[in-house]
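What Swiss-Prot annotates here:
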ACT_SITE  Lys177  active site, proton acceptor
ACT_SITE  His295  active site, proton acceptor
BINDING   Asn125, Thr175, Lys179, Arg296, His328, Ser380  substrate binding site
BINDING   Lys203, Asp205, Glu206  Mg(2+) binding site
MOD_RES   Lys203  N6-carboxylysine
SITE      Lys335  site 'Transition state stabilizer'
Amino acid sequence: MNDQSITVRGKDRYKSGVMEYKKMGYWEPSYQPKDTDVIALFRVTPQDGVDPVEACAAVAGESSTATWTVVWTDRLTAAEKYRAKCYRVEPVPGSPGSYFAYIAYDLDLFEPGSIANLTASIIGNVFGFKPLKALRLEDMRLPVAYVKTFQGPATGIVVERERLDKFGRPLLGATVKPKLGLSGRNYGRVVYEALKGGLDFTKDDENINSQPFMHWRERFLYCMEAVNKAQAATGEIKGTYLNVTAATMEDMYERAEFAKELGSTIIMIDLVIGYTAIQSMAKWARRNDMILHLHRAGHSTYTRQRAHGVSFRVIAKWMRLAGVDHIHAGTVVGKLEGDPNTTRGYYDICREDFNPMRLEHGVFFDQHWASLNKLMPVASGGIHAGQMHQLLDLLGEDVVLQFGGGTIGHPRGIAAGATANRVALEAMILARNEGRDYVHEGPEILAKAAQTCTPLREALEIWKDVTFNYESTDSPDFVPTVTPAA
């Protein structure tokens, strides 16, 4: 689209007044991105009557060096280098009026190792730009030179499995329910019953911090007492995600230190604390040999809508840089948003050393992760034992499966719910290891396991008809098609 540069050169470039962005050097269709460039892919929807190339050039300008008028101080900088360059504009398939804008940024525009600084440019003022109806950051290519300035996940999948001594299967967890209102003693009872019944982890929910019905210190004490008792009863290493999210960094450090003193192996934070706080807690976790779980609370306010916001695949990349060990990444079959192909893309970003471009998964760029640890994805929200074959097929084994209601809602009690999930998982892993087609035989495998496990039989009966089959609001723009044979 309009593959000729129209940049104004020489003294005319710096005449006072207003100049189109595409003439100021922010539209360079002949530009070849360098290996060290940060590349962003935006979905741009211009206002009616706005030239698409001008709109995309404006995104490049407003997310780097431009303002609304020519300023003479540009001549005091290496302006040609520091201007972001939109080098490619394409219509979005199936979305009339929207365009993909590929924009390259020189690496020197960004402070090393700072998500806050990166986002201040890439998703800063530009999202409020009036000539745009909508703007969405779809994907980013982060150069190795930039990736290496971040610590990455504090623990990583391999070391986490070694600490837990659990291999070859997904980890099992449950979020304590109800998420609000329990006393510390009753909260601890839920943790104990779930861990004793067969789960590896329990977790706080995103909004349980330190409220009048249960202060944080009380919760930590009862939870760790439950963990220690469950470990003694089962002979397995157990854990519970203690949410240290708080009003200030000082409060969060205090809570994390107390969790460490009590012997916890894992702490939890919420996405809403912000990028700087997340990176700060990740550095603390690495120094203190603690697994760091991130709940993506709040993400759907800007990731769910297809036309405007930030794709979760970008958030996943930022969080892998930032250094968390766990991140909620969708279930496909549960109650929360999650197109199968899009969700696979999220999981690939978390778990691969190198992400090749996979347009069918919404991944637009090759991404090298250098030596950064892998990030453990977490599946939670509306899943139950009857879906175990689907979960294993869709999400693989390096994942934490969180059955909250699917554990605590069991008619025979919490421990029975945990046992049902553990037996269902073990049966499916055994079938997979035997080479069986566990995806198609899944219901049969579960039914056979239920013959000798009353809790599983009851779980399959009570939740057999529960599905969440709604159309996804965020699916890939490119769908693979079969080429007919000649």
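In case you wondered, yes, glycine gets a Cβ from its N, Cα and C as well.
For the binding-site residues Asn125, Thr175, Arg296, His328, Ser380, a Cα-Cα cutoff of 10 angstroms around Lys203 (Mg(2+) binding site) retains Thr175.
Sequence-distant neighbours of Glu206 (Mg(2+) binding site): residues of the same chain at least 6 apart with a C-beta under 8 Å from its C-beta are Lys179, Asn243, Thr245, Asp270, Val272, His295, Ala297. Most buried of the recorded positions Lys177, Lys203, Arg296, His328, judged by other Cβ atoms within 10 Å, is Lys203. The number of other Cβ atoms within 10 Å of the Cβ belonging to Ser380 (substrate binding site), over all protein chains shown, comes to 25. For Asp205 (Mg(2+) binding site), the nearest neighbour among the listed binding-site residues (Asn125, Thr175, Arg296, His328, Ser380), judged by C-alpha distance, is Thr175.
Counting other Cβ atoms within 10 Å of each Cβ, the binding-site residues Asn125, Thr175 show the lowest value at Asn125. Other than Lys203, Asp205, Glu206, the residues of this chain whose Cβ falls within 8 Å of the Cβ centroid of the Mg(2+) site are, in sequence order, Thr175, Val176, Lys179, Asp204, Asn207, Ile208, Tyr241, Asn243, Met268, His295, Ala297. Considering only the recorded positions Lys179, His295, the Cβ with the fewest other Cβ atoms within 10 Å is that of Lys179. The secondary structure of Asn125 (substrate binding site), as reduced to three states from DSSP, is helical. Put simply, Ser380 is the one of the binding-site residues Asn125, Arg296, His328, Ser380 whose Cα lies nearest to the Cα of Lys177 (active site, proton acceptor).
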